[in-house]
Every structure is written in structure tokens, then in C-alpha cells.
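Q: Dropping the structure in here first, questions after.
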Amino acid sequence: MKVVYFLVAILALTSTVVSAYDPSPLQDFCVAAKEKDGVFVNGKFCKDPKLVKAEDFFKHVEPANTANPLGSQVTPVFVDQLPGLNTLGISLARIDYAPKGLNPPHTHPRGTEILIVLEGTLYVGFVTSNQDGNRLFTKVLNKGDVFVFPIGLIHFQLNVGYGNAVAIAGLSSQNPGTITIANALFKANPPISPEVLTKAFQVDKSTIDYLQKQSWYDNNN
């Protein structure tokens with residue numbers, strides 16, 4: 001009987017782990033169709049396979065303009081930009097950095113990220129969970145170097161070279177999501193109560209008021 005309970009526990013654990021990622025497709029492809037008004041699904045509706053074209057699986061990505069407060073710009077190629085990614089469990093993004101440009105601390109709640117540097121030098125890192133003591137793992141990456149940011153963990157990239165930098169990030173979800181930490185805390189809509197933030201950061205209200213009045217740039221648009 002103990003063996004049966006053990007097997008049930010293993011199956012339950014396995015199903016939990018599997019369900020934490022994008023489901024496997026049940027057909028060759030499921031090109032995303034536009035949602036019907038007022039109807040949402042976990043993913044996208046499938047386009048009629050007979051109406052699918054090569055363009056549904058294609059997108060051209062240009063270098064992005066980095067003339068912004070962060071000096072970086074992310075060009076996502078997620079399912080919203082490339083319908084053919086629907087149900088396939090992958091996506092990517094191109095990240096352009098001006099000298100000293102920063103892709104600020106952020107997290108992808110639904111995907112692990114693997115990043116390769118195509119040009120320049122980046123200082124990258126991620127922070128582990130509270131249970132692991134919030135350890136910081138960092139590395140300086142040069143052209144051709146690859147680094148992995150585990151799913152859900154806060155991470156960043158800073159251009160520490162003298163010229164522009166370019167990286168490509170692969171993600172383990174068709175829609176990994178992005179939460180930029182500063183924007184989420186100080187640009188929430190409606191705003192988070194200053195009482196919450198002053199207590200959390202152990203600072204006075206004037207500091208929080210100042211931070212909430214800043215125009216936090218979103219480099220993922």
C-alpha cells in the first residue's frame with residue numbers, strides 16, 4: 001500500500017511540474033487567431049489550418065532605438081508579434097543597448113531566459129529567492145557568451161562596454177510576461193499606498209512620493 005501512495009505522490013508532483021509550463025501542442029501548429037470579444041483562453045484561439053500562410057511564422061526584427069532614459073530597448077517576438085508561436089512554448093527578444101545602457105531588474109513569471117551576446121560587453125546577473133538567501137549571481141559577457149536566467153527570478157543586463165551592444169534572448173514560453181520591478185512598485189495603476197512602500201523600504205514618505213512621481217520608462221514597448 002505504501003508503494004501505491006508513493007507512486008500517487010510522484011505522479012502528482014510530476015503533473016504539477018509539467019503544468020507549470022506551456023502545454024505541448026496536440027497538432028502540427030495552432031496559429032493564433034484574434035480573440036472573440038469578451039472571450040479569453042489560456043493562450044490563443046487557433047486559426048483555421050486551411051487559412052494559415054507562411055507569413056504567420058515569419059517576422060523581421062530591426063535594430064531598436066535606444067535613445068531613452070534607460071539606454072536600452074527590448075524588441076519582443078512573442079505570440080502577439082508572431083502568431084505561429086501559439087502552443088509551441090518558445091519565444092525570443094532582441095535587446096539593443098547604448099553605451100552604459102541598462103535592461104533594468106525585471107522578471108519573467110512564465111519563462112526561463114537564455115541570452116547570447118551578439119555584440120558588445122554586458123554585465124548580467126540574477127538574484128535567487130528569499131529561501132535561498134537572495135544570492136546574486138553575476139557574469140561579464142562578451143560576444144558569443146551565453147547566460148541563463150531561471151524562470152521567475154529577478155535579473156538584469158548592463159552594457160559595460162564602450163560601444164553599442166546587442167543580445168538575443170530565448171524564452172521558454174510563447175508569452176513569458178515581463179515585470180519590471182521599479183515600474184511595478186512605483187508606477188502601479190492605481191498607485192500602491194505610500195504606507196505600504198514606506199514600511200517595505202524603511203524610508204520616509206517624501207522618498208516614496210518622489211519615486212512615484214517619476215516617469216518610469218518601459219523599454220519593452
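The chain as shown is numbered from 1 upward.
Quick reminder: no glycine exception, Cβ is built from N, Cα and C everywhere.
Remember, it's a predicted structure, so these values are computed and weren't measured experimentally.
According to TrEMBL, the record shows the following:
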- 1-20: signal peptide (SIGNAL)
- C30-C46: disulfide bond (DISULFID)
- 57-209: domain 'Cupin type-1' (DOMAIN)
- N103, H108, E113: oxalate binding site (BINDING)
- H106, H108, E113, H155: Mn(2+) binding site (BINDING)
Q: Spatial neighbours of H155 (Mn(2+) binding site) among the recorded positions C30, C46, N103, defined as Cα within 10 A: which are they?
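A: N103, listed in sequence order.
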Q: Across the domain 'Cupin type-1' (57-209), what does the mean pLDDT come to, as a whole number?
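A: Mean pLDDT for the domain 'Cupin type-1' (57-209): 97.
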Q: Name the residues of the same chain, 6+ apart in sequence, whose Cβ is under 8 Å from the Cβ of H108 (oxalate binding site)?
A: F149, I151, G152, L171, S173, P176, G177, T178, I179
Q: Report the nearest neighbour of E113 (oxalate binding site) in space among the recorded positions C30, C46, H106, comparing Cα positions.
A: H106
Q: Give me the CA-CA distance between H106 (Mn(2+) binding site) and C30 (disulfide bond), in Å, as a whole number.
A: 30
Q: Centre the Cβ atoms of N103, H108, E113, go out 8 Å, and tell me which other residues of that chain have a Cβ in range of the oxalate site.
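A: Other same-chain residues with Cβ inside the cutoff are A93, H106, T107, L115, F149, H155, A169, L171, P176, T178.
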Q: Mind giving me a neighbour count for H155 (Mn(2+) binding site)? Other Cβ atoms within 10 Å of its Cβ, every protein chain shown.
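A: Excluding its own Cβ, the number within 10 Å is 22.
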Q: So which one is it: of the recorded positions C30, C46, N103, E113, which has the fewest other Cβ atoms within 10 Å?
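A: Counting other Cβ atoms within 10 Å of each of the recorded positions C30, C46, N103, E113, the minimum falls on C46.
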Q: What other residues of the same chain, not counting H106, H108, E113, H155, have a CB atom within 8 A of the CB centroid of the Mn(2+) site?
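A: For the Mn(2+) site the neighbour list reads T107, F126, F149, L153, I154, A169, P176, T178.
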